[in-house]
Amino acid sequence: MAAIEMKNIVKQYGDGFPAVNDVSIDVEDGEFLILVGPSGCGKSTLLRMIVGLEDITDGDMVIGGKKVNDLAPRERNLSMVFQNYALYPHLTVYENIAFPLRLAGKSDSEVDEKVREASKTLELDEHLERKPGNLSGGQRQRVAMGRAIVRDAEAFLFDEPLSNLDAKLRGQMRTEISRLQKRLGITTVYVTHDQTEAMTLGDRVAVLKRGVLQQHATPRELYENPANLFVAGFIGSPPMNFLPAKVDGNRVELPFGTVTIPEDRAAKAQGKDLLIAGIRPEHFEDASVVDSDKVTDEATFKATVDVVEWLGNEAYAYIPFEAPDEVRKQLAQLEKDLDGESLRTQLVVSLDGASRISEGDEATIWVDARKIHLFDPATGENLTIDADNAGIIPGGNAMAKAEEVGKEQDEVKPSAESSAT
Amino acid sequence: MKQRNNIGTWIGFVLIMVWCLLPVVWIISLSFKSVEETAGGSPQFLPKDPTLDNYRDILSNGDFLAALRNSFGIALIATFLAVVFATLAAYAIARLEFKGKRLVLSLALAIAMFPVVSLVGPLFDMWRTFGLFNTWPGLVIPYMSFTLPLAIWTLTAFFREIPWEMEQAAQVDGATSWQAFRKVIVPLAAPGVFTAAILTFFFAWNEFVLAISLTSTTGSRTVPAQLSYFVGPDPFNPPYGQLATASVVVTVPIIVIVLLFQRKIVAGLTSGAVKG
């Protein structure tokens, strides 16, 4: 078990494609770190540099206090679970799990003991003599994990291990991985593009965009204090709403009306003309179900609801709005960066399940003004960030830097798909 | 409708079988006929009086046995070398990015397209100078060279099918590159290796032009070439029975090999085409 330190790691491919740019992340001993970002953000490349399957162009990779830049994968003593599991089809489950031990030249009795132990942990006992080809997706996944835990590796590395499973199994395996990691207490780096996995599994999460680290913080910090528009839009489902906003004193003018925000927040956003306000869907509510002492004119607005999706415990209401071109362009770009496609600018509002608002109604919506974030539309920076509770935010403007790198990447490879694996 | 289809399929099947197997059956039948019968002028399909004399003669014929030994030796060595070299070459082509990779592949293809006959003259001169004329290596080298391209192409296709991750997983698990290749890649490519081996063996086993041109004695002459010397004492009465018997004897090893590796070959030939 060991800590992993990445110091100013750079990866540039032979054709000049800058996949990872000056990323520094410390993973503490026993910590569960998530690398997350949309496809092509360099997260897998970074993981493969940790394990030694990609050369490091620049920077230092230190594992357990030892610089490993020039060590071959087998000399780093890490174990990895691949996205497609990479089980050896010609070997039985038993031999698959035993493979690392056999390579290490362990005695038969020791191999047997360790394999049995791993298979018991992962409930693979009845499948030991089968070939991977005859196993279901979830079972294969467990075999791959068995192969990883069977030897005493310094750290576990997971490369999108659950992306090939169906939704239900994914949920179960997620819990299983979390439990296993807690029990073994081993340093883990986990790559995913699924933000649910990122939020639920990680002690800390590193958000990457175009090979540039955006923010490195606990899930809660990321959620409550996103460093910039990108992180704010990436973390949370349904995503944070972005609205054009004008600040005057402590009053924020939104497309639907004007609300009052706390003084300290307003102070940080003075002197800017047009801003982007970020409000999470759950920070809105149907005014009729909110305690009446909270509802003031300062924090409510009236809007016509376009569509309502009622889920039982809650409901999502969609309210379209018009945005000025400047903001719309920025939002469309953001949507593209997040692997999405924006059709229209609309507000998503999460309502209490008890709300009676239905489609076409003009509803009175209450907004929790204390939770509004304000972003600079030019740089994407969060102006209202509470820096003490936002984890590590790299210096300089990470989002703008990612933008630049993105342009560079597009020049080398117009589709930028190569590092998406 | 279905019924008629079935009948049609069967008629077609029988026709093709007759077309392909009749000559084989005829050869087998010939091999059991005595000299009197083959020279008799009105040959019938089945031997009137089946005899094993031809087999007895052939298997006590020192020249034929020597040729058989040569055939086995040369074909096996050529196959072995071709497969080893092709495996290594194909692995490099499938896995590594290097300059001139396409050149290597197209050159290999060009060699495969080169007519063997046009090389007989130059090879004859060269082998005499090098002292390779009428030796085993004198045949092993050209056989290996001519079968390498096909083997390389077949195996490259196989190696490309094996996911990179497989090897990377092995490396992360603690294997050296060589261990990963030997313990993971080669077993996975086994059907491809078998396919390549069998194709190579067939070529070397059946080859005639080089075998007759580059040998002069039974010290290195292979069976196909040796058969052309089976003329018998009477030029007007070639020993058809013995020729047929020899043909049967040289065909048997091929059939045995095909039956032994049938499943592997079928798996090999199809798995290259369709992604599993």
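The backbone N, Cα and C atoms fix where each Cβ goes, and this holds for glycine too.
Because TrEMBL annotations are produced automatically, they should be read as predictions rather than curated entries.
Record features, source TrEMBL:
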- B:68-261: domain 'ABC transmembrane type-1' (DOMAIN)
- B:7-28: transmembrane segment (TRANSMEM)
- B:72-91: transmembrane segment (TRANSMEM)
- B:103-124: transmembrane segment (TRANSMEM)
- B:136-159: transmembrane segment (TRANSMEM)
- B:184-205: transmembrane segment (TRANSMEM)
- B:240-261: transmembrane segment (TRANSMEM)
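When Cβ distances are compared across the two stretches, the transmembrane segment (B:136-159) makes no contact with the transmembrane segment (B:240-261), since fewer than 3 pairs at least 6 residues apart fall below 8 angstroms. Non-local neighbours of the transmembrane segment (B:184-205) in the same chain are 71, 74-76, 78-79, 82-83, 86-87, 91, 139, 143, 146-147, 150-151, 154-155, 157-159, 162, 166-167, 170, 175, 222-223, 250, 253-254, 257-258, 261, 264-265, 267-269, 271-272; each lies 6+ residues outside the stretch with a CB under 8 Å from one of its CB atoms.
Beyond its flanks by at least six residues, the transmembrane segment (B:7-28) meets 45, 244, 247-248, 251 of its own chain at Cβ-Cβ distances under 8 Å.
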